[in-house]
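So that you can see what the record holds, here are the features copied from TrEMBL:
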type	residues	note
DOMAIN	283-313	domain 'EGF-like'
DOMAIN	592-634	domain 'EGF-like'
DOMAIN	642-683	domain 'EGF-like'
DOMAIN	684-730	domain 'EGF-like'
DOMAIN	742-774	domain 'EGF-like'
DOMAIN	982-1017	domain 'EGF-like'
DOMAIN	1105-1137	domain 'EGF-like'
DOMAIN	1235-1268	domain 'EGF-like'
DOMAIN	1353-1385	domain 'EGF-like'
TRANSMEM	1561-1583	transmembrane segment
TRANSMEM	1656-1677	transmembrane segment
TRANSMEM	1697-1715	transmembrane segment
TRANSMEM	1761-1782	transmembrane segment
TRANSMEM	1826-1845	transmembrane segment
TRANSMEM	1857-1876	transmembrane segment
TRANSMEM	1888-1908	transmembrane segment
Amino acid sequence: MTTGFCNTIPFEVKTWKFAIPSLQSGQPQFISLNTNSGQVSISNFVVSRIFFICYSSCSECTGPQFNQCTSCYYGTPTNNICPSCPSNQYYEKYFGCKDICDIDQSLYSKGFCNRFEVRTIKAEVGYTDSQNIYWFEIYDPQNIDTSSKRILTKQLFGIFRFNSGFYRFFKQNYYSIGYDLLGFKIRIVAFNDIPINCGIKFMINNTYYGSIYRNQSGIQTHIFKIYETQLTGSYLNYSSSKAYDLITYFGIPKYSFLFSATGNYTDNTAGWAISNIIITQGFCHENCRWCNVPFICETCDYGYYIYRDGSCIYSCSSPYQKQIGAYCQDYDDETPYSQYLVEEYHNVAGDPEQFSQYTLMSQSGSNFLKGLDIYYSFCNGIRVFGGPFVWAQAKFQRVHNIINPHHSITIAFYILYGPSFPSDGQFIYTIENNTPVSKSTASYYSTYYEGQKYDKIYEKILHNTNTLTITWECFGPNNEPIKAYCGYYNYYIAVHNCQPYCLQCSDQSTCTQWNNTYDSNIVKFSQAECLSNQYYDKESLSCLTCPSSCLTCTSKLNCQTCQSTYTQSKLRCTCTIHQYEDSNQCFDCPIECNQCLTSTNCIECLTTNNRQLSNGQCICIDGYYPIVSNAQCQLCHQFCKTCTGATSDECLTCNDIVNIEKVGSTCRCPAGKSYQYTTKTCSSCHLSCQTCFRTTIDGCLTCDSTVNRLLKGLKCVCAPGYYELSNVCTSCPITETTSLSQCYKLCNNNQLIWHTVTCSSCDTGFQLVSGECQPICGDLQIKGYEQCEDSNTLFNDLCYNCQFQCPAHCLTCDSSTTLPCPDICGDGIITGVEECEDGNTIQYDGCFNCKYQCQPACTKCIKGLCFECATGGWYIDPLVTPWQCKEKCGDGLIVGSEQCEDGNTSDTDGCKDCKYFCRIGCSSCDYTTNTCLSCEFPGFTPISYYCKNVCGDRIVVVDPYGFYSEQCEDGNITNYDGCSSSCYFQCQPATICINCVNNRCEECATGYQLSDEKVCKPICGDSMIVVGEQCENSFILPYKGCNNCQARCQTSCLTCSTTGLGCQSCKTGYNRIDYLCYSICGDKIITEDEQCDDGNLIIGDGCHFCQFSCQDSCLYCLQGICYDCQEGYQLIQSKCYSICGDGLQKNNEQCDQQIQIQDSLKLNQNCDANCISCLEGICDLCLQGNYLFNNECISNHITIIYVGNDGINLCGDSKLMDNEECEDNNINPFYGCHNCKFQCDINCVDCQFGKCQRCVLGFLVNTNNLCEPECGDGIVVPFSKEQCDDDNEGCVNCKFKCQNYCSLCDLQYCLKCEIGLFPQENFCISICGDGIVINEYEECDDQNEQPFDGCYECKFQCTKYCQICNKGECLLCDNDYALQNNQCFLNIDYDDLNSSNNNTSSYGQNPEWLSLNENMICRKQECVYSRKPSMKLTYKMQFYALQQIEITFDQEVKFSDQVQKDKNLFDISIKDLDSKYYNITINSIQDISFDLQHAQYQVQIELFQQLQTKTILQVQLNQDIINSNNQTLFNPNQSMTLQTPKIMSEQLRLVSIYAQQSNKAFMIGAILICVISLVSGESSFVVETLNLLQYQSFLRFINVDYPENLYIYFQAQELLSISNYLQLFQIDDYLNLITRKEIQIDLNGKFQQYNVEADLFTNILPQLISCLVLVTLLYFAENLYNKLFRLSKYMRHLQHQKTLLSKMLIAIINLILIFKNCFKSLMKTKYFQNYDQIIQLIYVNSWDLIFKVILQLHYCKIDNLRSIITTVFASLIFFTCISLLLKSFSLCSYPKKNTVLSNLEIKFIALDVSRAIFFHSILILFQEQQILQCLLISISSIAQCCIIYKYKLCSQFDRIIFLIIEGVLTVFSLTLFLYFDIGEVYFSYENKITLGFIQMGFLIMCLGMIFVKQLFPKIQKIWKLVCKKRKIKLASSQLFS
């Protein structure tokens, strides 16, 4: 070969294969030895190792099969076959037998534990506190050990001794489970091993779930299985330690849970510790959404497919797979007995024996360039049969041997075509004797990046012979081995075998010939062949018995139904936690046990049942006793510490009570003492009692007879014959003494006898005791001192010893008392159901509401004392008494009194010790909301929990605590104004400050002055608008729009122009006049400059001309309300009325004399007697206390009474009676009349006869004379229809506007939201999962909660293992994963061999990958695609030497936190050009700040040197700029090619200015001559001159890039612009006021450059004013002409006088008579006697008028009434011109003999006007088509030459002049083409300047010619006049000589 390698050097490609013995090792070394000049290059070195792996149970073997073992991991081989594990154990591959499979190899299949991927979380003891903070200790109350339990050297949490342990909280978000089963693998370390009869129990949510313990038989487990044990050596005082790995599976709900473990060690020399806990998803695959049975997934996650082993695999795109719905099937999974025969060419591996298996049938052309024995190549990382340099035109055959009986086979492979495989080339394959199949590139599957194409072949055929023959042929005459080759790879053959023991079959389930060893009673093939209590085992081809707990099952792990006593769960058929298993049955635990192992061995007791675990028994805790058939132990008697019953006689031990004694099983107080409940002591009885039940005198039980006392009821009284004296029974005297009542005794008949008298008998119910009658207690008769009778001796049953006796807690004890008395909690006595008494109502102090109570976090509460706090977020503190549960600060859980959790100890972040904590500097803080209320120092403001300096308050502050500080204060937060937005010194832009040192300016640019603060400030009034100024106009009125060079308007202005124009729109209640806002008085809207507005001009009504105003007679007026009147007036309802009869005549009185009452009656004889103001019989004012009604004064005391039928005065009977002022027949208040009295609205301040005249502030009088709230006054009236009253957008018509997306709201609360949202906390929140995407809140909504399916929690989320994600679309996967169909699949072909292949491309060489990598945001292993911000340079314009670009950013950006203060934002330079040859100015449009915004800068470049090539502008950003994702700028360095500069020398610029001045001179001269001609009546000169001047002025608008000299020349045309003169005399503002122009219309091209105004009204206003003047002159023309005519006659009279006065008058009259001809022409025009005059008038204005009309029509935007009117007016003018032109042409069509010349002139004018229309249409409509515009203008100039030549009515000389002028202008327009760069034609800028001067000469020559043409007749005429006067003078002298 001669091409394709090292230019044209001939080369060969060879592949060498060789074998290296497996015993050799090391790196290969290649040595090239050449005997000639040839060179050798090594391309690929591929190692393919041929080896086999022993069978899983073989430790040594001779082959990979199960029957090739020489030694085993378990047992010894028999016939080279290793034995299986015992039935109760599991075989772990390459290890041996285990009691349980490892937690990540839980799938037991084909006799082995197989790896099964499940979701896993791991909690282990770490080296850092952040890892250990979630582990908590459980203390043993009897053996408290508070030493640290972190063994960092071994990463253990321990050592725990006795009954101590630990707990750890697992949050819900740790795992996502599709199966209610968790797998646990726990590693514990036992030190000195576990003592006998001791162990460790494990609990979840404080419920027992398993244990490990040791008994006489050794280590045992319950529920858990020991996976592995490991000796870990000695530690400290422990001689040995052993680690146990425990595994089990729990079926618990998917919630957060608490895991705990405690021991019950009795040996203090042993202990244990926890190493780690691994929790998995149990038996459900990690990518499975739901498992109904173990290991079998029913629904996989999105993008995953169910696989043959029940797992979920990602995608189904491997070469050996095909997708069937949600199932991914391998070729060897198509039938139950399929197996691969061939798996070749799917990786780089190769078998040296394959070469001999292929037979070369034929070949032609070129093949096998790599060697005749090389049939393979490497392509795209895998070995290919054939391929490049190998196979082009050849045919191969291969014969496969198939041993096993089968019914069909599947053959699959990929065909590879070279990148240049011809269209006539074919790949032909033949299977057996079937028809050959031909394939070509006409139809293929896909292509590779190098251009190769590939196709997929899949064939499934019937086949049952022992051989399989396949041929492949690469055919085609144009095939060649380099680019047009064939190949195949991914070669699979799956043989679909018959059933085992079958010799011949037709399909997988139909056998036609069985092996003689087949026994149908033993061999089974389906579940249907098994019994109901059996399941089919595919591996053993037999039916196996279900587990004993299962009634029916489908596998060992999947029970369908359970035996009667078992419960079905995810863990098969099991006993419940309250049961134990024995003899294949479940039995309930004893009633006292919550959980148990056997009927006699409890493992968990409930403290709520007052029980505790002791030696496997749930015994009652101290103070309680058991009751048969009751799980709850009952409270002992208060005397008993332990007991067997409820009484004090059933005590085992006594309580700790002072003076208590135990006699037998009885605990009691000693004789003479009784128990005091309040003091809980045995106290002495009353001294009169021998024994007692209480210490009072009436609490005796027995008496001491030796002291002469006996018991009567409950008291020990003195015996008969004794009386009480000083608490001693003293003998009574013998002599009866009546004062000693106790010495009398009771006898029969209820007689009291002296003690010495003998009583012999008693009445019924009494008995004789000690010589007296005492009542018989127990005879059911209440006699004597008895209070009650119950015929028993029971205590505390209301009656004892015939006296009322109740329990101690009873408040009363008498006949009305009902037992039992209610328990009184807090009385200090424990009674009834009370458990305790602490005399307070404090919760969680051990006793609350007389019940034992611990803190809610306590998990082990015994008699009010907490011994364990196994609750998430809490720990037990054993160092306080009693123990308390305390919050664990820093564990991430906010519990109890914690307010916050930030995981640190900083006191500056708002949270300290899990409490809200305001930072230092805050003087007052609301600790309930963590809000700082005030700051310690001025200049700071509270923000959240801290104080921050207020930048912009003009106070420079320094935070003494160092958090914030300021260097400057300028009253704003604007950046780059000398003081930054954070109040630090900052340089201003270089265009303002030209020398900045240390962020302080030292020198300012022109237009600025340096202030004392080292800040450049604009110089206002210097006529330069610079940055910081919005306008520059020192003559403007105040508030007209510009004040101190800032756009400023009145406060009443709503929209103020930023350019100093004035107010654009005013607030409500104002009118805008001349850009000022004036309040509208009378619109009932009170504005800022109004005190009131009542909508009228009534004087004295409180408001006049919108100012508060009272009557003149008011003495004291406040806000329109009169409070006192002047003398002679009285105040009635806030108004002053004159007092008639007081002798003082006031304004409204005709007279006032102090007269008698009768005289008063005469004066008021026509009015009511109570009227005090009567005019012509009409009363307008009544006396005080009277009301004017229908011209009558109605008194409060009406003397005339209307008597009804019933004579009763009732209010509401529609009859006006005495004491009634009105009757409205209702009871509604505030409606004019209430309770028959006049009454106005409650908010009324001026009420007249029930009708309100004026309301309080905030209300208006409505049409019903009621006060209603005034909407819009800014006052919200509570309890009214007003909800709000302000200008905010949230308030509409004084009603709150509903929030966004809210469809129904009440006040400010949203009640109902739009579809897809729901109301929460006054906002509409989107509903994630409803399928509706709310753009403001959601990115997507796929109606599920499945992660990694493109959308999760309504946010875009890519598939798992995706590295770069963009809006749910994966752009790049993790390493070892391939991206296919937006999913990341594990690339199983990626191995070390593949990585060694040099053909594999690297991502780093892919530009697309580089771009993606640059735009990644990663967090740990998860990356998303987020585009970095980019700086963009946009070329805006070039203005000769000046060029302008714009710097923008494609995202909102801001400064990063690390701003380099000493660096400029940009460094801008021109590449390879010295800085002295250019000047760069940066103007900020929108500065970059610390807030996100779209920054924009304008850069102006001025070059001083003419260059022949385009320069490159380099822009470097010096500061770190970031976007909202904190990504830095993608391209901080940018460059842009500038245009070639257009520079003109200073000398040429001066020449251009001289030419401009010459142009101005000619223009001024021509205009003056026009004025003279117009006055003299020579209008033709005016038309000619104005036409030329206007034509030249419009030439500047041709959209051609004129050189700078022409631009300077055209600036002279500003002399013809009326707007300049209007601005000069400040008339433009008044014209704008007239035209109401508000918005400048946007234009393009040269119109935009010259800032042309397109608004017709603004443009045409001067013409309209001139027309108005003309009409006025026309109206007065005749009178003025007559006066001038008479004046001429008078001048003739004066000519005969020779006085000086007459000469002066003649001179003046001559000047006046100059206008005579002008008025004569006007008279003709007035009477239409000269039609051509009208044409002349239009002709003069045609150029300017037509231009403005077409400009308006082309650029108009019809969006308001004014624009519509303007457009209609422009259209009328345009069509009027067209109509006049058509009329002119029609007149010329019918010429008369005497009007030929006149018609010719009209026709020329019409054609010239038509030319003007054509010119302006081209000029305006073709602004964007410059070449076409110049071409058409040139054509119009040539046509104009023809028109002048043919139709111009003038002299021959004039025609020549006009033709020359028009010809020069034609040359001018034709030479404009030289300014365009067309094709290869290039005209340098210097040549363009030269051309510009030539064109300037042409234009000046035209002006000069027309100027000379006009000036010459004037000079000639003057010369004639001068010569005429001289001639007369000579004649006169000759005549009189």
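Heads up, residue numbers simply count up from 1 along the chain you see.
For all residues, glycine too, the Cβ spot is worked out from N, Cα and C.
For the domain 'EGF-like' (742-774), the residues of the chain that approach it from at least six positions outside its boundaries are 710, 712, 718-724, 732-734, 736, 781, 783-784, judged by C-beta separation under 8 angstroms.
At the 8 Å Cβ cutoff, the domain 'EGF-like' (642-683) and the domain 'EGF-like' (1235-1268) share fewer than 3 close pairs (sequence separation 6 or more) and do not count as touching.
For the domain 'EGF-like' (1235-1268), the DSSP-based tally of helix, strand and coil residues reads 0 helix, 18 strand, 16 coil.
Note on the domain 'EGF-like' (1235-1268): its mean pLDDT in the predicted model is 80.
Beyond its flanks by at least six residues, the transmembrane segment (1826-1845) meets 1598-1600, 1804, 1807-1808, 1811, 1814-1815, 1818-1819, 1855, 1858-1859, 1862-1863, 1865-1866, 1869-1870, 1872-1873, 1876, 1878 of its own chain at Cβ-Cβ distances under 8 Å. Counting residues per DSSP class in helix, strand and coil order gives 5 helix, 15 strand, 13 coil for the domain 'EGF-like' (742-774).
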